[in-house]
Amino acid sequence: KLHSDLDKGVGTVKYTLSGDGAGTVFTIDETTGDIHAIRSLDREEKPFYTLRAQAVDVDTKKPLEPESEFIIKVQDINDNEPKFLDGPYVASVPEMSPVGAYVLQVKATDADDPTYGNSARVVYSILQGQPYFSIDPKTGVIRTALPNMDREVKEQYQVLIQAKDMGGQLGGLAGTTTVNITLTDVNDNPPRFPKSIFHLKVPESSHVGSAIGRIRAVDPDFGKNAEIEYNIVPGDGGNLFDITTDEYTQEGVIKLKKPLDFETKKAYTFKVEASNLHLDHRFHSVGPFKDTATVKINVLDMDEPPVFSKPVYTMEVYEDTPVGTIIGAVTAQDLDAGSSSVRYFIDWKNDVDSYFTIDATEGTIATNELLDRESTAQYNFSIIASKVSNPLLTSKVNVIINVLDVNEFPPEISVPYETSVCENAKPGQVIQTITAADKDLSPAGQRFSFKLSSEASNNPNFTVHDYRNNTAGIETRRNGYSRRQQELYFLPVVIEDSSYPVQSSTNTLTIRVCRCDSDGTIQSCNVEAIFLPVGLSTGALIAILLCIVILLVIVVLYVALRRQKKKDTLMTSKEDIRDNVIHYDDEGGGEEDTQAFDIGALRNPKVIEDNKIRRDIKPDTLRFPRHRPPAEDNRDIRDFINQRLQENDVDPSAPPYDSLATYAYEGNGSVAESLSSIDSLTTEADQDYDYLSDWGPRFKILADMFGEEESYNPDKVT
């Protein structure tokens, strides 16, 4: 209720309300100022409201007092039950846990005001699940209430939990949830065979390694706690069998380790032990976690193939044994109760098997062809035996036949020997040690003997010394041998074996006489080398001289050809005209210092043009004579020399020093024509050689030669 001091109760004051919920949740009487709630309030939705009220004049609409603010609080009542926001719950606890083992903690939430009364005070209790579990009323912790709860008895438990407010008093609101509790497995149970004896029937034809039966021990545990290991207890018949565990079914699989034979033993009895792989030490006191059962196996008789008396048959026969000779026999029996007859035959694979035959009824083996040990020393083939009552049942055995040797080959020298004796050999000297070989298969203790043949028993040059160990030595009988008298000696040696009948052969050794030094080292065994110490034979001397003459003729021919080739290079025709180029090294001397210069290489100008690399010579230091003004009539020569000088100056391949270039016959078609006055188109009358006299005594001879009136002979030019 709102009231203003200015309100005289005459209706001149009007009350207004604004703020949270004004007009929607709360309303005010404008005349009296009474505030009313116009709908239900929920503290959990909004615990308080803030409002503003004011008194205004009805006529002027002006506030009579300042606006005032006030709060309306919603008082809580117990209108909300506790709720398990995380429910339903799932929990687990190991089986056989002690009393009070922790399982799970649950929690309920009450939306009421915990600060006002007991509306939000929650108490927990179990409505369903006793007497197995208990719960703390205040904390909501669930624990086991009974000891040794067994998963194998009951695995799943559903517990109903109640949470009640008002401290659990009468009239309080309550909420519930469900807790599903599972007992987890522990290895508290040993494996147990459902029966003490297992009977199995196994055919005797079962293959080694095959599974012949299964047994199983039951373990109520789960997972790895139920894994079982099976073992055969050592005893009667256990060594023929083995047992393993099927990891999916936990069954014991019995397998065959050795073949069974009904005729040998019809039944086997042994014990099998089953035990857990993973043990829990907390339950050792319960007893041994293993169990034992007896397994009885009855062997079933099956129709089996014949059985040979031996796994391999080995026989011997002499070579050249007559065809049809029996050399041995094989035996196979039918061990079944019916005892059927057996038939034999050879397992043909190649032509070698045709050397023998077998009697189909008796199993005797005989030769079918003549045998030769030197061709084949051993035969290996198979014999098949089958039952008459069931020919499909067969068995096979290997037969090895060794062919024994008959002494039919004489011994011979094992390798060809190159025997030599020194010219300076002494009597009794061993020059060769020989051995023998025999194609026959020599039995143990056989020996070879060596001797000279009867016609050579009195040989004055050599003898044979038998060492009695299958070797012999060739010894000299006299002092010294001469190659000039006899180069080769032939010695027949008889070799005998010790087998029966005795076989012998005569082997001829070739002994060559050689020249040796004082230590016995061979220097030469060739006949051609004899002339070195003793002189040349006539034939050898003629051959050597003939070779020397041939060599001399070849040398002479070669030199003549070289000279002829050189002449052909210098003179190609009778009309060829050359100048002699005279080279002066110093002042004076004149003709005595002249030296002919081979100008053959300069005859062909085309060769000179093609060869761009100049073969100049570095001139020696010259003492130049006093220059005189050249005659005016040698203009062609001067132009030609200047042209060559310019070419040499610009030639990049020319060396950096001055060079002396000499020129010979210029050839036809040359612009400068020939440098020689010989064969020149200009006659002597046209030439004036008087200037040569002005050049000094060195040119006196030339001045006299060219100044004469008679014709000039080129062949006389110096």
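Glycine residues also receive a Cβ, built from the backbone N, Cα and C atoms like all the rest.
Here is what TrEMBL says about this protein:
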type	residues	note
DOMAIN	4-84	domain 'Cadherin'
DOMAIN	85-193	domain 'Cadherin'
DOMAIN	194-308	domain 'Cadherin'
DOMAIN	309-413	domain 'Cadherin'
DOMAIN	413-531	domain 'Cadherin'
TRANSMEM	530-561	transmembrane segment
Average model confidence [pLDDT] within the domain 'Cadherin' (194-308): 87
Within the domain 'Cadherin' (4-84), residues counted as helix, strand or coil by DSSP: 0 helix, 32 strand, 49 coil
Composition by DSSP (helix, strand, coil) of residues within the domain 'Cadherin' (413-531): 8 helix, 53 strand, 58 coil
For the domain 'Cadherin' (194-308), residues assigned helix / strand / coil by DSSP: 13 helix, 54 strand, 48 coil
